[in-house]
Amino acid sequence: MDLLRSHLHKVRIPEPGSRIHKDECCVSFDTPRSEGGLYVDMSSFLGFGREHVEWNFEKTGNPVYLHIVQRRKPEPDEADRPLKKPTLLAIGVEGGFGDQEPEYDDTFEIVILPDFISLPFPSVDLPEKVRLAVDKVILAESADRKQQLAAWVADKKKISAYAMDLQQLENGVIVPPTGWKCSKCDKTENLWLNLTDGMILCGRKLWDGSGGNNHAIEHYEQTKYPLAVKLGTITADLEAADVFSYPEDDSVEDPLLARHLSHFGIDFSSLQKTEMTTAERELDANTNYDWNRIQESGKDAELLFGPGYTGLANLGNSCYMASIMQVMFSTHPFISRYFEKQSLKAAFATAPADPTMDLNMQMTKLGHGLLFGKYSASNEGQEGIRPRMFKSVIAANHSEFSSMRQQDALDFFLHLIDRVEQANPGNHELNPCSGFKFIIEERVQCPSGKVSYNKRSDNMLSLSIPLHAATNKEQLEAFSEKKAAMDLDGKEVSNEEIVRPRVPLEACLASFSGPEEIPDFYSTALNSKTTATKTAGFSTFPDYLVLHMRKFVMEAGWVPKKLDVYIDVPDTIDISHMRSKGMQPGEELLPERASGDNKAEPAAPVASEDIVSQLASMGFNYLHCQKAAINTSNTGVEEAMNWLLSHMDDSDINDPLNDSRASEQSVDEASVQTLISFGFPEDVAIKALKASVRFTFMIFRFE
């Protein structure tokens, strides 16, 4: 105890905004349920597994830790209960899936490093500062939980329209700090305080009979008092309190919640959280759902264990991330960079004070978690790992990937490449993404016979899908006739009966390397616009070639449609014929400018007005349409549409074109409207925006 007192200056008491990592080790996937439990640094509030806590002591000198161990409680008669295979797609009913999550016993102790001297907790002999600090750590929401909840409500929780002018009755109601009970029944949980009259009432009755008796919603229907707060969620961190707006029918923010609570004598700083918010219940239902219940339906899947066979648990919307990271860590560059040549200890030693926010540390943690095999098997089967810290780092400041919405795997791959390259600037050896890079050489020939060559670098090859090359055309025709007959009879085709086109990958590759016509190409040899022919090939080959299949096409009326098609991929792909040959003997390059005409148009690509106008008529931003046309060499509306749909979230999508003529032709419509709202005439606003355009160099991705 004297040793603990000598280290009191190293113990911090958490504040409401402190980030407390008590769910998982910051350098491994150890949790309080792992062998050895979890050690929480009582100064930084970082969590460490038993194998890694000494690294933190060596790095920081912080000696005092809260040791958390969770052990699963045995279920009643668990050993004698026969295992029944579910026969119904339902939860909590006879023949369906069980709805009971396993329960755990939590044990705590204070541990002092380096000798791992342990002191029991709770204990009246502990210094008051330690008792208070540990109590707050145990009761606080973990950093991971806060991040998940923030992502879950990011698009849902808005400031209520009723908050700023909320009427509060002067009826003398004072709400006690404890002992709450519904005013109309005996419910003591799921209680809501109406912020207008101070009535405490129970919440809605849930589908399974739990929850409340609907008294709070009935009170609103009678009084129309709009806002209520869930009493068990009020703490010093008021942003986490659950405020519900009945007329808006959603959880909302109340910026004046502190004032509204004080009206009824509530000191929120002294209250502790006792119940989950509505958003937390939704999040738990989403993230804790056992996705294996519906996977591999009707099949006996064999679980794999050991190094390289560790699964990634679904975080609720993370299948796109799991698929990409499993593939990346099957490639040699990523295995070498973040596993073979990078130890966890070395990554932690070079990480900043908060390793949970360091990309190199979390990539190394993920690599070791997937490849080492420690988390592959357990007594209950393959559990996998939950890459929450990695998702938090890789998605930081990205509006889409930091949310809980479903995402596109290709978009995440490109985002990952960008982030990893930013973390390893100018260092080819440390950049594992260099194995995905390649150079495409494009050859353009105009009717004069003269040519131009252009090279560009990329990380993936985007391919169109030529449906006319399908190998099962007879089956498709028979299915089309059958479906038409069933439609006449008012019948629907089952999934098992659907026949999809089967297109060989070789046909998709041929569509890329084959010649394309470029309308409205300005020839500096002819000093006029004409139709040119473009071919493309690989100037360099990557170690790993990523292919993107363009499944979106344009139907009649310019309606985008996603193709339902199979791509047949052989075990071995030969793309040697796609190598570019470079400039050939006897070829003559297109001149930069037409001879004798200093005012001739430059050879830089110009967006086809026909393509741009058609895209703009669909509601797309005019500047975006120009970029789509330029980046697809004015090949056509369908190609431009595919480029546009794949690059809407590019960080430079709103940057101006570096072609002076393009900048003179158009300005950003949103900026024009903003200036008009300030009182400027439209023509003055357009002229001012044209004069203020800054020319920038841009690297385009060609689709």
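Using the three backbone atoms N, Cα and C, a Cβ is placed for every residue, glycine included.
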Where TrEMBL places region 'Disordered' among the ranges 2-25, 578-601: 578-601
Other same-chain residues whose Cβ falls within 8 Å of the Cβ centroid of Cys182, Cys185, Cys202, His215, the recorded Zn(2+) site, in sequence order: Ser183, Lys184, Asp186, Lys187, Leu191, Leu201, Gly212, Asn213, Ala216
Binding-site residues compared (Cys182, Cys185, Cys202) - highest count of Cβ atoms within 10 Å: Cys202
All-chain count of other Cβ atoms within 10 Å of His215 (Zn(2+) binding site): 21
Within the predicted model, mean pLDDT of the domain 'USP' (310-650): 85
Residues of the domain 'UBA' (606-647) by DSSP state, where helix covers H, G and I: 29 helix, 0 strand, 13 coil
